[in-house]
Amino acid sequence: MAPLKRGADSESSEAKKLKHSSDNRASKRQRKVESTADESKAKPSSDVRNLPKTTILKSEETSFPRGGASVLTPLEHKQIQIEATQDVLFEQSGKKRTTKGQDGDDEDDGEPKTEVRKGKKHKKSKADKKANAQLPEEPQLKIEGLSYKKLVIGSMVLGQVTQITSRDVVLALPNNLSGFIPLTAISDKFTSRIEQLLENDEEDEDVAGTDKEDGIDLQALFHVGQYLRAYVTATEREQNKRGIARSKKRIELSTNPTLVNRGISKSDIVKNSMIQASVLSNEEHGLVMDMGFEDQTVKGFMSSKELGSKIDHSLVQEGAVFLCLVTGLTSDSRIIKLSADHEKAANPKKFAFLGQAPSIDLFLPGTAVEMLITDTSSGGVTGKLIGLLDATADLFQSGAAVSKDNISDKYKIGSKYRARVICTFPDSEPRKVGVSLLDHVIALASRTELKDLKDPLDALQISSIVEEARVTKVEPTTGLFLDLGVKGLRGFAHISRISNEKIESLAESSGPYKLESKHRARVIGYNPMDGLYVVSLEKSVLDQPFFRHEDVQVGQVVKGKVEKLIATGAGRSAVIVNLAEGITGVVPEMHLADVHLQHPDRKFREGVSVTARVLAVDLSRRKIRLTLKKSLVNSETRPWTDYDKITVGMKSPGTLTRVISSGAVVQFYGQIKAWLPISEMSEAYIDDPTIHFRVGQVVDVRVLLNDLNGEDHKLVVSCKDPETAGLERQTAMNNFSPGDLVTGNVKEKSADSVTVDLGDGIRGIIRLAQLSDGSEKRNKSTLERVEVGRPLRDLVVLMKNDKKPIVGLTNKPSLVKDAKAKKLITRFEDVIKGQKAHGFVRSIEAGRIFVEFAGGIVGLLLKSQLTSEMAQLPEFGLRQYQSITARILDIDESNRRFLLTMKSKDDLAEAVPPKPVKEELKIVEAVDSSIKAVTDLQFGKTISVRVKSVKSTQVNVQVSENIHGRIYCTEAFDTWDEIQNKQHPLRQFHANEILQVRIIGFHDAKNHRFLPISHRQGRNPVYELSAKKIPKLASVDEIPTLKDVTVGSTWTAFVNHIGESYLWVNLAPVVRGRIDFLDLSDDVSLLADVEKNFPIGTALQVSVKAVDVAANRLDLTAGSSQNKLTYKDLKKGMVVGGLVLKVTESSVIVQINDHIAGRIFLTELVDDYSQANPTVHTRGDIIRVCIVNVDVPNKKVVLSTRPSNVLSSSLPVKDPQITEFSQLEVNQVIRGFVKSVADSGLFVFLGLNIIGYATVSDLSDAYIKDWKSSFEVDQLVTGRITSIDTKKKQISLSLKASVLVDDYVPPVEFNDLKKGDIVTGKVRKVQDFGVFIVVDNSNNVSGLCHRSEIADEKVEDLKALYKEGDVVKAKILKVDPKLRRINFGLKYSYFKSSSEDAEESDSDGDVGGVELMEGVSDADSEGQALEDDADVRDVHDVSDEEANAADEMDIDEKLSEKAVSGLSTSGFDWNGTDLGFDNGAAGSDSDSDNGAAKKKKRHRKPEIKVDRTGDLDKNGPQSVADFERLLLGQPNSAELWVRYMVFQRELNEVEKARQIARRALSSIFPREETAKLDVWTALLHLENDFSSDDAIDEVFKEACQYNNAREMHDRLIKIYILSGKLDKADSLYQTMLKNKTFTRDPALWLSYATFLMTTLVPSSPTRARALLQRATQSVPANLHRHLTTKFAALEYKSPNGDAERGRTIFEGLVAAQPRKWDTWDVYVELERAHGEKENVRGLFERMVKGRVKKRRAAVVFRRWVEFEELEGSAKGVERVRAVEREWMEKREEEGVE
């Protein structure tokens, strides 16, 4: 080939360009150059300063090339070819071949390629020459937008910071692109800081493994919205962990001044040019900057005044990068003055643009320019910069995308416009740059700041869905521009984001995406550079539940699929759950389940759907933590995610993350943690929390304290009886008052008291002495007649304890009579002088008796006021709690005391004892100096007080150091406008504030009553004060009372209590009223949580609805207009609030106001009928309802709670609302609820007054004998409308599957079955001669399997092998059409023959010879492995895959090496590991069964097979054949039979495991009772796990017949306890107590008591203690002491026991039999274990003081000394020795040897 001639300059002439473009030899040369270019890319230079220094728009060429090489670059060759082919009709048909090493994806944006042809040189034709002659002289400038393909290494772009993470900075680029700036690509100075940090970390071994970025805060270097120039360093596709490329592409950038200022030298710098510089040092007056020039002597300086208003000069760190404007140079050009104040630089009046430049290399991204428009088109504009450099602005950057004006009208050709360079195109020729004409880019500001708009992400968040996005502009090959409803902003959907199906082009006037069409769209991003939302119309994107991690809310219930199971670094398991595309969550091992899972891999397989709740979301690390605990996922409690929203009394479940001796740490959601002290863990005493609680356990807690002061939140919670703080219980307790008559059911009875249930969790206690007015014998007789569970009526309330829900009761007839007659003294005001009163003795002291009445009122009865006979008797002839009748003698109102007398009026002395003189209270350091004495505190007096504390309803103040007062909320404000915070009005008062108040009365702190000033108090009075300025009250009578309240008047009220359906408020200190919840507000959303929206103390403006002074009732309203509605005011579609009055299975009755109530039918509950459940509502709920229909004459209203009616009509509706016949059509599929079941068919409720009817023949395709049992009222059914009679208003339905389902598969008929078919079915009946089988999915087609066809071996007992309902696989042996009979076969050989034939055909293909099996690898011998069970082979294959997956996850232990887990009992090991087999070894090969082997020998070649039976000793049984072979030698081994059962159970072959158990029971020798007992236990385990309760009972009864019944009961109880079925264990215990053969054994009673007190949840100590009395009636008398000792010990040992009760029992035992030393020893050991040291010493001392023999005494003293030595008490040892010596001396004195 002749050498090519090249010119010296590629730009010499246009003719030369055209000549080269038509020469194919240039293309050949181009391939060499491209290969060289690829090699250069593969080896980038390590020193960025040695990169080419000249123009960055074109690589520098050698002026004088050697060897005739081309001076044209490959890009120039390509440009020449493109220009030569423009406007030419000829088009190349082939594609350019990819050279070796090139990526096929690197195409050139669809531009034409020149085919490289080998062979003979093509000679130009005349047509070619003619075409070349028609080429234009000057090519047209092509408008190119920035794209991923256009971005090459070396490109520069202008970007805006959108996100800053701990590892990189995200930069928004033009045209919806984004890039990432790594830590090491920011600046040289910043890189040196990181290197220094790494060196420091390497010196300290303790911090090895920590994040190297610690100490580096990118937030301090950059800010969101900052503009930067970036250099493209890499463009690559993201890869996953397996190295597979994802569709998402990643652009890596660098802001290093060395790269972004390439090609610029010191001589090129002029004013108004843009330079990117990094901070070298922060000086006092400014910043010293590095611009990355090769000449290191040139520095930049930026004054602190040039940083802009948003940046604090003192906080700027070294290494930070700024895009700066050059404002000037010093005279020697060594210091360049810079400015980063873009507001000043972009000032429209003084726009700093680059008008003159010594080099075009200065036109880098970020530079402001004036652009001369040369051409406009629909795709953008083109122009010239300073007349030399081409510039283009594409569709996005020209504003043509969102502008309503024509772009040619907006930009006139020949005019100049301001612009800013945003990118370079290194591969383009001639050179050009991309510019932006957008105002916010020119101003280097955000679009919203420039136009004073709302933040785009606040107006429309990412991942939000726009229901109606209107198309405003259509670009056929680019995409759609849409109006999303946000002022000043548009959205853009790329053509690839419009539909899941590929769209080639779009049209403005036609098609689904034409102009003004509306679509559903989802926002997937926002690009601040383009000022556009990025949206998607794809259905897959719209249906995606989450689009980003920010969309996942903490505490939210989510659904996902298991992606994989991993092992963490700590050796624990974790599950990765896929929530959405690109979003996964991790479930730690602690949160996999409520119980610890031994084998989580079996439950969480890949692809399994799970429901989880979000525990925490870490946005910085893009991680989500989930929980699968059902107790958390199914919890209806609102998750705690904010400390500020947690209030005292709130309840929630939490997870224990740490348990220590003093308590536990409870983790909730997010960062919320709480401390659970040991004292609040249980009502019972807990010594060591680690015994009763474990890490990962879920506990229900309630808040005791929430301290929000400071940064460290202090949240304290309690596990104690969370219901005690419940509102219902508090309300119920408030309803009880002393003297009330109540009725309760006896819940518990003991020797000294009776406990009754009063409802709402409130207990009542009746002491033994309160049962009657008679003697102790009478009381005990009454107690015996009391029966547990029976009601007790007319009980009188004596007192109540609000902290504990306990009410003290009495059944004394004298008190009951007074209570009925309203004469019982319940408060001090009821005491009347001379009145006869009934009470009881509270206590007796020297010379006086205290008599108690109801309400804790106590009177004093002196000895002098007793009758002469009583005065002479010991204890005055009285006992504690004895009924007594006395007369009121005297009353001391000042001290609230009174005296009683039992003398008659005649015996009373006329002289009245003088009243004690009360000492006047002295004032100590009064706040108001004018107050000198208590007498100065008079009504209406204005005084100064100091605020002590501020509560929700009152301000506590100090009058002086010893006198206090309060300002109730009703007396704090004069007008409504004075209240600043309506929810917390008193917060405007502060502690230690001095206030001017007036005295209006006293406050009774005990009864919470207002008392007039004339009613003197005790030693510590509390004054009622008023801070109101008007009106000035002249007397107490002017204080407002209920009589002063009139209907219609307006008041300011304050909430003081929240009831079940009312809000209680105070209008004045003595005026209290109530507001119905429906009268609170028209906003129903506020009524959903009244406690939150109307907390205690809230101020309300109310008006009076009704006043009833006689009944002391005041009804108010807070201005709700709903109460005024009438039936005529209700309109269809109106949404109002309602109160649930009644809930039934078919409807909900809701009250709208006092006069209107409506009903919600099943069809109006939800939009999806399958979720219709009226019981989700409870009485008293406030809900939002929609009026569906109003029948004014009959006053009936139909309501709806459908979300589409009450929330938004755009919500999805699965079952449409049917209100008219016109909505229904024939052949329509519709769902409804069964209204009634008639003899002729079903009536189905479809909607309001619309009923459908389905006849019996239309109910099912199959015949149903008892069809009524398949349907019930309110059942949801689906049917198809077959006919509609509009005149008669009748609708016919069909519920047949053949009518409903389009691809309906009819059931199998008799004629469909053929001989040889294999079917599945269920056992219908088992007879001695065979088994009847019903074919699945058939029209009741059944047949017989004769007993000879059951198995290959003879079967003795068919009923033991099969039972009704078992699933079987059968082969059809014979079909008799005449008799309509089918014969089945169940032999295993029938199903194995097909696979054997296939193997035989494989073996027949081999040529003769002998095959040796020794030395054959496992892989080669796989075909010869055991063929007994195809299912077993499948399982082994799965386990191999799991093992491979485990290897990939770096799990140390392979799954195949784990022992098979099972259940355990006291009789044997369920795992079977005691047999000595290694379950972890691989399964060994074995022969097939004998019958199959004989068949194969006729076809297979002769083989020498190795007997591998001996390998079982090493590997253990791994297949069915292995177990069968071992059982031949060990038929009586229960362990082997059980392992065989486990093997089948692990394969989910439950029925086979059941059959194996039956085989074992029939095979084991009858005398091996223990072995059979173990097999029966294993069978019970199996039935408990997989069968119904009836099946368990049947097996259990059979087991009791063949084994020890007591032993079987004990084992079944243990099984129930291990499986968590505690209620069944409890029932079985009760059944055992009814069997007299069991009850004589003390172990049964002790076991049951231990279960009730320790194991049962919740525990029942009361029931456990009641067993002792029953046990003594059944157990022999000689065992009573032993049994009582065990019960007493249980009180010590059980966490729910009462040590004091146990101590009492032991005291009774040692008192009755003091010489039973074993009882003493047990007593001592229990006290030692309980830590009662003094009690132990006392017991030792008591033992030696009694009558004790010398040998026993020596034992006691020795143990006593050992005890003191263990306690480390030297003095104690000395004392024991002294006591011992004293005992010996005393014994010698008495002469006892």
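From the backbone N, Cα and C atoms, a Cβ is placed for every residue, glycine too.
Residues annotated as compositional bias 'Basic and acidic residues' in TrEMBL: 1-46 (among others).
TrEMBL lists 118-127 (among others) with the feature compositional bias 'Basic residues'.
The compositional bias 'Low complexity' annotation in TrEMBL covers 1479-1491.
Marked as compositional bias 'Basic residues' by TrEMBL: 1493-1502 (among others).
Here TrEMBL flags 1503-1514 (among others) as compositional bias 'Basic and acidic residues'.
Regional average pLDDT for the domain 'S1 motif' (154-256) in the model is 78. The domain 'S1 motif' annotation in TrEMBL covers 154-256 (among others).
Shown for the domain 'S1 motif' (463-538): DSSP residue counts in helix, strand and coil, namely 3 helix, 36 strand, 37 coil. Summarising the annotation, TrEMBL assigns domain 'S1 motif' to 463-538 (among others).
The domain 'S1 motif' feature in TrEMBL is assigned to 555-629 (among others).
The annotation domain 'S1 motif' is assigned in TrEMBL to 649-720 (among others). Broken down with DSSP, the domain 'S1 motif' (649-720) shows 7 helix, 35 strand, 30 coil.
Annotation comment: TrEMBL describes 739-812 (among others) as domain 'S1 motif'.
Under the heading domain 'S1 motif', TrEMBL lists 834-903 (among others).
Per TrEMBL, domain 'S1 motif' is recorded for 940-1016 (among others).
DSSP labels the residues of the domain 'S1 motif' (1048-1119) in these numbers: 11 helix, 37 strand, 24 coil. Annotation source TrEMBL lists domain 'S1 motif' at 1048-1119 (among others).
Look at TrEMBL and you will find 1133-1202 (among others) tagged as domain 'S1 motif'.
The domain 'S1 motif' feature in TrEMBL is assigned to 1227-1296 (among others).
Annotation comment: TrEMBL describes 1316-1387 (among others) as domain 'S1 motif'.
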Would you say the domain 'S1 motif' (1133-1202) and the domain 'S1 motif' (1048-1119) are in contact under the rule of three or more C-beta pairs closer than 8 Å, pairs 6 or more apart in sequence? yes
Stretch winning on C-beta pairs under 8 A with the domain 'S1 motif' (739-812) (pool: 555-629, 649-720, 834-903) is 834-903
